[in-house]
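Feature annotations, reproduced from TrEMBL:
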COMPBIAS  1-11  compositional bias 'Basic and acidic residues'
REGION    1-43  region 'Disordered'
COMPBIAS  12-26  compositional bias 'Polar residues'
TRANSMEM  91-115  transmembrane segment
TRANSMEM  136-157  transmembrane segment
TRANSMEM  177-198  transmembrane segment
TRANSMEM  219-239  transmembrane segment
TRANSMEM  359-384  transmembrane segment
TRANSMEM  404-426  transmembrane segment
TRANSMEM  432-449  transmembrane segment
TRANSMEM  456-474  transmembrane segment
TRANSMEM  480-502  transmembrane segment
TRANSMEM  522-545  transmembrane segment
TRANSMEM  551-572  transmembrane segment
Amino acid sequence: MAPWPEVEKPETNNYIGDSSKQNQNMAGKEGENHKGNVASLGNKGEIQPAFSTVALIDETRPEEDPWALPELQDTGVKWSELDRKGKIIRVLYGIGKFIMLLGLLYMFVCSLDILSSAFQLVGGKAAGDIFKDDSVLSNPVAGLVIGVLVTVMVQSSSTSSSIIVSMVSSTLLTVRAAIPIIMGANIGTSVTNTIVALMQAGDRNEFRRAFAGATIHDFFNWLAVFALLPIEVISGYLYHLTNVIVESFHLESGEDAPELLKVITDPFTKLIIELDKSVINAIATNDESAKNKSLVKVWCVTETNVTLQNVTIPPSENCTSPDFCWSEGNVTWTLKNITETEYISKCKHIFANSDLPDLAIGLILLALSLLVLCSCLIMIVKLLNSVLKGQVASVIKKTINTDFPFPFTWLAGYLAMLAGAGMTFVVQSSSVFTSAITPLVGIGVISIERSYPLTLGANIGTTTTAILAALASPGSTLKYSLQIALCHFFFNISGIILFYPIPYTRLPIRMSKTLGNITAQYRWFAIFYLLLCFFLLPLFVFGLSLAGWPVLLGVCLPLLALFIAVVVINVMQKRRPHSLPEKLQNWDFLPVWMHSLEPWDNIIMSSLAFCGKHCCGFCKCCKVNAEQEGAKDNQLKTMEVYENTMAMADEERGGRRAPTVACVDKTGTNNTAL
């Protein structure tokens with residue numbers, strides 16, 4: 001193709017102009033231009049320079065970095081241009097938006113609390129039954145996946161930790177066997193913000209950033225477990241370290257741990273549902289009478305009295321002391337302490353007088369809490385988009401994302417870590433904090449690189465809350481609960497030492513960005529990832545662990561070796577492809593479905609289109625989206641001016657055909673093997 005022609009004084013209007021006017025006048029001016037060109041050639045006697053329309057069409061635009069934080073432009077009237085009335089109205093609008101944001105955040109946190117209660121109603125008793133099998137819990141791999149499954153089922157790492165403390169204090173489980181379960185609970189608690197990230201799937205780039213910001217927590221927890229669980233099984237360093245710390249202090253039972261956020265949310269959530277979590281602990285500690293009890297708390301105010309009464313005993317029983325036993329005929333009497341519970345007042349939540357089973361109540365609350373959670377999140381994102389614009393957005397982004405000058409650039413990440421730990425301590429839940437920053441990452445206020453230390457700080461903050469709760473435990477469980485909380489704390493500290501101080505070791509950032517790119521292109525893959533990592537894979541490993549160590553090692557070791565080999569080959573294909581054999585320099589020798597998500601995407605989207613066409617009108621939504629995308633593309637293309645009328649007609653016909661293309665936007669194939 002010929003290079004771009006050089007003109008002494010090029011006029012911009014000859015190339016780019018008003019597209020609508022040009023379309024109207026193109027046909028009329030074509031003949032006049034032809035005559036004018038002939039006349040000018042005859043008058044000047046020289047050939048004018050040729051202008052290539054191909055160069056105009058093929059002019060490449062610079063590719064935008066999808067991970068770059070977007071500029072949130074202020075589209076409103078500037079403050080300096082407003083009169084006094086306009087300034088007052090804008091201030092009132094700002095105050096109203098701030099109050100609305102606080103209200104939505106309150107409802108968001110309350111919906112997370114009710115979601116946790118719903119999961120406990122649905123799967124709490126099953127979680128207690130899982131903990132009953134002592135032989136399985138002695139297997140560290142089985143203990144790990146049990147911790148993941150139970151925490152996902154009850155949506156609370158504090159609940160699963162309290163179950164573990166109850167089992168350890170009742171000698172059903174040793175502290176050393178409980179450490180892998182704590183590691184699994186650390187993984188399971190990160191499922192909440194991953195679910196929250198799914199709510200931003202409407203915008204491709206927002207979803208890319210939000211899902212990467214949520215799964216950075218998952219990848220850190222999984223990598224920490226893969227690195228530290230074998231070390232703990234071999235050396236037991238967490239057990240010995242925490243045992244030395246606990247034994248060196250003379251501990252006494254303290255007051256209740258502070259509940260900062262619960263003071264605000266409990267008045268509302270207790271009107272919806274209250275649970276008796278001691279039922280799950282009783283099932284886990286082999287209390288058969290707890291199986292028939294309901295998790296829904298009916299009586300909130302009770303009083304327990306212990307009285308000494310005369311009771312009869314069978315003649316076959318031996319009295320502990322002859323002084324307290326006497327016989328009257330064929331009946332033997334003795335003195336015993338009888339515990340009686342007096343029910344004073346019922347709870348005030350809406351299910352206190354309901355006859356529905358726990359499963360039905362749990363499903364109702366699950367649907368309602370997810371609906372409120374999604375609605376609040378969508379409105380929070382839209383409200384933040386309207387508030388965080390212009391100067392406000394630039395100040396917040398600079399405050400959160402800017403590093404210190406050299407040589408103190410490393411300090412900003414650790415300050416962010418402290419901020420994350422402090423905020424998590426205030427809200428008393430890492431799930432709440434990480435779920436709150438996920439939409440901020442999605443809209444571009446917080447970068448992925450800054451969300452990583454914030455998430456690590458949240459991991460530390462939730463363990464400090466557990467330590468305070470352990471210090472408030474009764475004397476019988478104080479030692480064990482504190483040791484388990486310290487194991488959780490030092491596990492997270494060890495993971496941070498491995499995967500944060502050196503920038504090269506910050507693997508979760510690169511892994512989450514890779515997953516974000518995949519899920520932005522194939523959005524169904526986000527749901528597949530969620531099901532695989534938090535349900536299918538733990539259930540698969542748990543089923544193998546029930547068959548014993550030989551079966552578990554015989555199946556998992558070859559799969560693990562294959563996975564590591566694929567990862568190594570992928571890395572070498574990108575960095576040193578010439579070091580590999582020619583056949584392994586790409587995955588083209590495999591079937592397409594094994595190294596690309598494109599065939600799976602075609603199958604899934606065809607199934608959804610067929611289902612939507614016959615069931616829920618999905619195709620109409622698809623066509624509307626396709627028409628909107630086609631209109632945007634058409635608008636961009638009409639900004640270019642063509643001298644060739646046939647090229648313009650082809651472009652217009654191509655734009656009209658755009659809505660009839662398949663609903664899925666395909667930008668390429670993913671060349672990840674397996």
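Quick reminder: no glycine exception, Cβ is built from N, Cα and C everywhere.
The model shown is predicted, which means the values in this text are computed figures rather than measured ones.
Simply put, out of 91-115, 177-198, 359-384, 480-502, 480-502 has the most Cβ pairs sitting under 8 Å from the transmembrane segment (219-239). By the Cβ criterion (under 8 Å, sequence separation of 6 or more), the transmembrane segment (522-545) is not in contact with the transmembrane segment (359-384), since fewer than 3 such pairs are found. Annotation: stretch 136-157 has the most Cβ pairs under 8 Å to the transmembrane segment (551-572), among 91-115, 136-157, 359-384, 432-449.
Long-range neighbours of the transmembrane segment (136-157) within the same chain, counting only residues 6 or more positions beyond its ends whose Cβ lies under 8 Å from a Cβ of the stretch, are 115-116, 118-120, 122-124, 126-127, 130, 163, 173, 177-178, 180-189, 191-192, 225, 229, 232-233, 280, 430-431, 462, 534-535, 537-539, 541-542, 545-546, 549, 552, 556.
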